[in-house]
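The domain 'AB hydrolase-1' feature in Swiss-Prot is assigned to 52-356. Taken from Swiss-Prot, the feature active site, nucleophile applies to SER157. Feature annotation from Swiss-Prot assigns substrate binding site to ARG227, ASP351. For ASP320, HIS350, the entry in Swiss-Prot reads active site, with the evidence type sequence analysis. The region 'Disordered' annotation in Swiss-Prot covers 373-392.
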Amino acid sequence: MTIPDVPTQTLPDEGEIGFVHIGSLTTEAGAVIDDVHIAVQRWGELSPTRDNVVVVLHALTGDSHVTGPAGPGHPTGGWWDEMVGPGAPIDTDRWCAVATNVLGGCRGSTGPSSRTRDGKPWGSRFPRISIRDQVEADIAALAALGIDEVAAVVGGSMGGARALEWIVGHPSRVRAGLLLAVGARATADQIGTQCTQIAAIKSDPNWQGGDYHDTGRTPDAGLAIARRFAHLTYRGEVELDTRFGNDAQLDEDPANSGRYAVQSYLEYQGVKLVERFDAGSYVVLTEALNSHDVGRARGGVRKALRSCPVPVVVGGITSDRLYPLRLQQELAEQLPGCAELQVVDSICGHDGFLVESEAVGEMIRKTLLLAGSQSAGPGGAGPGSRKGTTRR
């Protein structure tokens with residue numbers, strides 16, 4: 001994606017991509033990323049008091065295109081189409097939905113495939129970043145747009161990790177949050193599976209130490225294998241067995257070099273990602289997920305969570321293998337502003353936060369009720385003092 005010479009410093013037209021220049025960013029680890037741009041989209045009108053912004057935060061391979069058809073700059077349709085629009089859970093007749101492409105991504109924001117001032121891609125020079133760094137970049141982009149406080153942050157998976165960092169690190173900037181399919185820190189299981197995905201990419205000869213962007217050779221095979229592995233953690237075990245079992249793929253015979261149906265499905269998922277995503281961004285963002293720990297430098301997870309007054313709804317999925325329900329239960333128990341833990345009974349696994357539209361829509365509506373009940377700041381537990389668990 002080409003960034004225009006003059007970046008947008010006002011919100012773009014509805015559904016269009018704008019590019020906000022935030023200057024240099026110093027990461028949590030002390031590295032400096034110069035000339036940072038953040039891609040932004042919005043739906044709905046900003047109120048005169050600028051108090052109706054709902055920040056929608058995407059997952060690992062998502063982008064700012066939350067809703068709308070595929071088109072120029074949008075290789076795929078919106079990833080949460082049913083959640084944003086007139087009359088939708090994020091009702092754009094009332095709310096202004098704003099989404100960024102995350103720092104380190106490859107859909108308009110500065111990342112490994114972006115060119116530096118020397119005209120060359122960042123490649124291996126792009127530093128490791130954290131979820132916290134991503135949030136700092138988002139906050140800087142919104143500040144450049146004249147938005148210093150938001151009504152709510154909502155997100156699942158990596159987007160949920162970003163939402164958690166928002167409410168813990170910047171409670172005065174956000175009135176409510178929705179934390180979907182996420183935990184307070186990365187688990188050993190997550191780190192193990194994600195390190196294996198990174199290894200698959202880096203073992204591809206075309207990786208070239210991360211400096212492949214101008215060579216005409218890209219680590220597509222490694223990225224596709226990483227995606228296949230990841231996709232297994234995104235879907236539910238019962239769902240996969242119900243859909244595919246041990247069936248062969250159409251007229252192929254696995255006993256004679258043919259494929260299983262589930263094998264073909266995973267290969268297709270890998271090919272789809274390679275067509276739209278950069279391997280360098282996949283590595284950088286996965287490393288950020290591995291380092292996720294809301295308690296780092298805050299006295300540990302419990303202390304960090306207990307210090308956060310922001311009203312929240314926490315959502316989990318019964319069949320989530322990547323972020324199992326116990327992680328959302330911990331968030332609900334430790335966050336004093338948690339109004340409700342909503343548990344979605346679904347066979348779809350971690351991806352339930354993307355496909356269980358009715359249940360997720362209800363969570364968003366409840367989150368925005370919390371946002372609407374707050375004044376200029378979180379100001380205590382408020383509605384969050386009434387904790388409960390709802391199963392859907």
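Here the Cβ of each residue, glycine as well, is placed from N, Cα and C on the backbone.
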Worksheet entry | Tertiary neighbours of ARG227 (substrate binding site) (same chain, Cβ under 8 Å, six or more apart) | THR61, GLN197, GLN269, GLY270, LEU273, VAL274
Discussion item. I'm trying to understand the geometry here, so how far is the Cα atom of the residue listed as 'active site, nucleophile' from the Cα atom of ASP351 (substrate binding site), in Å to the nearest whole number?
Written reply: 9
Worksheet item: Within 10 Å of the Cβ of HIS350 (active site), how many other Cβ atoms can be counted across all chains shown?
Response: 25
Worksheet item: List, in sequence order, the same-chain residues at least six positions removed whose CB sits under 8 Å from that of ASP351 (substrate binding site)?
Response: TYR234, ARG235
Item to complete: Enter the number of other CB atoms within 10 angstroms of the CB of ASP320 (active site).
Response: 25
Worksheet item: What count of other C-beta atoms do you get within 10 angstroms of the C-beta of SER157 (active site, nucleophile), across all chains shown?
Response: 25
